[in-house]
Amino acid sequence: MALVIWYKQGHDTPIYTYDKREGATSHWSHPATLSTRAAFRADSEPAVLLLTRLRAEDEGQYRCRVDFIRSPTKNTRLNLTILIPPERLLILDERGEQLAGVMLGPFDEGAEVNLTCVAVGGRPAARVSWWKSHALLANSEARASVFLTLRRADYDSEITCQAVTDASLSPVSKTLTIKVNLRPLWVRLLGGKRPLVAGRRAELACQAVGARPPPNISWWKGGTKLTSVKGNISPDGNITSSTLSFIPSIEDSGRVISCRAVQPGLSYPVREDGFQLEIQHLPVVKLELGANLDASKVVEESDVYLDCMVRANPWHTHVHFTHNGATVRGGGGVVVANQSLVLQRVSRRAAGAYVCVARNALGEGYSAPLVLDVKYRPRCKSEQAVTIRAGRGETVEIVCDLDANPKGPITYQWWFNNTTHSKIELNTSIAQEHGRLGRYLYTVNTSGDYGAVQCTGTNSVGQQSDSCLFLILPAEKPSPVNNCAISNITEDSLLVTCEAGHDGGLEQDFSLEVFDITTGTLLRNMSSEEPKFAVWGLFGDIAASVRAHNSKGCSEPVTVSVSLLKHPQQETVTLPVRVELSTVLATVLFTVAGIAAVIVVFALVFCWKHCHRNNDKNKNKLKKDEILNTPLKDSKECESIDSLDKNPDIIPIENKISDNCSTKSSTTDYSSRPLLSKTDPDTYDINYERENLNQACRQYIQGSSSIQWMHPLDFRVHQYDSNMPNVGPNSFRPSNLGPTPNVGDCRAADKFYINWLKYKNSLPLNTNGLLPMEQCMPPELYPSSVYGTINRRSIISRQKPELEPCESHSLTEYHRASPPVRVNADSSVYFNKNLLRGTATGSGTQLNTSLPILKTDKGITTHTVSSECR
């Protein structure tokens, strides 16, 4: 392909060329026809001529000529059709006038509308149609007409005219909005008919619904337009509201109040809603005098009728009357009947303001005050006679003060009488000339002018019935004061007090003159309405003179004298101390007193409990001591040997002696000694006075190789053998052995034995093999040789382990005093447990409690005891 040439029908010259003959490619377009809007694309299959921004004149037949280098030339013809949409749409009304804008109307509801749509331009001719809510109304070529009857539903609806030349092109359209004037669906007063209260602000609301455009709502009361209105339109414009605020009055009752909805410029009728007002109010009360009564001619002693007229909604339930603010009640010439008040034979006290009060459900209504003016004859304001004091030649003014209605004009008459003259009328011409009605100048010339002056008055109602009385009495100087006394005397002050005398019929006052008695100098001059004077700044001896004064002169002076204190005397005066207790101080004192009282009570209770506890302890202790210290008394001096066999704590021995043991001494009955108390034996004082030693019994312990060891707890005293050699009354008695306590008539010579008994008594006992107390033979039964060398038969108890021998001690080591031997209820004798301790403190003597323990070949220990009874 060497050359391509494009031709258009109607043109003699090419409109576009494409040349490759020179080896270079060149493009050319006709400047007037295509200019830069054409471009040839040889590389596409097939090659094409591209036209942009097509115009209507581009339509026509095009011929394409292609020249080849070696092939013959080819020509191709093409027809180009240009589709042109309509330029615009015209909307015409029934009169053929073009409608401007997109709003159609407004039209009244029910109006008929004829619209025509014309498509201007376009190739080929456009197809024109009318659409409403996707519904086809009309369709024709180039122009289309539609006929509409507008209804409420057409308000703000849209109608569209559409024109299209080819389906491949977007249609040209124009949409119109139909505006319809809508009459209100209804106009209503919200809340309906209801009663209103007079004088109380009320609000009424009215609504017009469905009106387009929004109507104007106006309020009317009867034929009067109300202006206190507030309007409101809903956001969608469908509801128009109006609120009326007003204060109804009683006169509005029965009137019609209404709201009217008017759409300006429209021919629609006015819509209106309203109701007849029912006004509730307090009773409206009116009080009037009864018929044929003239308010200006109501006189005393006449009858008066008052009528009360009431208008109320709701109807009144109670009516009553008030007189000067006080409720009028029937009785005493006052009759309250229905809505009328009758006053029979009224007096001047009945004058005043009357009000009728009516009550209904809303409250009370009051009438305007009706002032009842009762006319009456003059009367004296003072019912008592007036006393006037005057001296001879003195002229006094007498005022006749009358109470009358009407107050003027009043004619006055004056009379005088006394004991010598009857009633004499006085001349009043001078008073009338000077316009001093009701006042009379009376002159006392002689004593006969003293008497009674009377005054009467007359007004339009009548003459005064009871005259006013004035007593003209002589006037004189006051009498002297009485009972003057001086008190509260100090070095420079005093108080003078007197009693007033007769005032002479006139008002009096008092004066005080104070003189120095020595020099006669006037020190003070004072006056007072009362005869009481307090004077300061004085000194020395003074005299006080008191006088009474009135308009007629002064009385005789009354003088008293006194001497003031020379100098202040220093005296010790016991003044009462006034203690004022404030609330806080009183509270603190009462609190402290209460705390102290509580503490005292607690202390007393504590002391009582403590003392009670100690008493209980002492009682318990005494009880125990009484039990433990019960004397050992028996009718028999010695028990039988058979009774000893019944004691499980006693081991019988081979030789039982049935002889009685002496239990009595010359001075003391030891058979009645108390049992050993539970007091700790350590607390015993081993130094005490010995009993009488008439019959002493001493015991000694001798050890021998044949004596077998015996535990101290198992030790009992065995009966002596009557054939014991070397035992006599004085065969063995150390010279340094002191007296020992007695056990019965036997006085223990051996302190070891006594301590052993105390020890035995204070510890848990194993009484096997012990010898009862009654088997201790009295010394008389022993032969004289028995008190020599003691050979005791050995007592075999139980086998004991071998122990180291302990040193035998002399009995002199145990001659110190020890507590008395105690006897238990079973008549067994026991040692004190101090015997087993190392030492015992008392007199300072060391006590060795170890017993002589000797070994024998047989392993049995014995104790040898020697006793002496006298």
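Cβ atoms are placed via backbone N, Cα and C, with glycine included.
Unlike curated records, TrEMBL annotations are generated automatically.
Owing to the predicted nature of the structure, the values given are computational and were not obtained by experimental measurement.
For reference, TrEMBL has these:
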- 1-81: domain 'Ig-like' (DOMAIN)
- 86-177: domain 'Ig-like' (DOMAIN)
- 184-261: domain 'Ig-like' (DOMAIN)
- 283-373: domain 'Ig-like' (DOMAIN)
- 378-460: domain 'Ig-like' (DOMAIN)
- 584-608: transmembrane segment (TRANSMEM)
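For the domain 'Ig-like' (1-81), the DSSP counts in helix, strand and coil order read 6 helix, 37 strand, 38 coil.
Across the domain 'Ig-like' (184-261), the DSSP tally of helix, strand and coil residues reads 3 helix, 43 strand, 32 coil. Looking at 1-81, 283-373, 378-460, the range that has the most CB pairs within less than 8 A of the domain 'Ig-like' (184-261) turns out to be 283-373. For the domain 'Ig-like' (86-177), the model's average pLDDT works out to 90.
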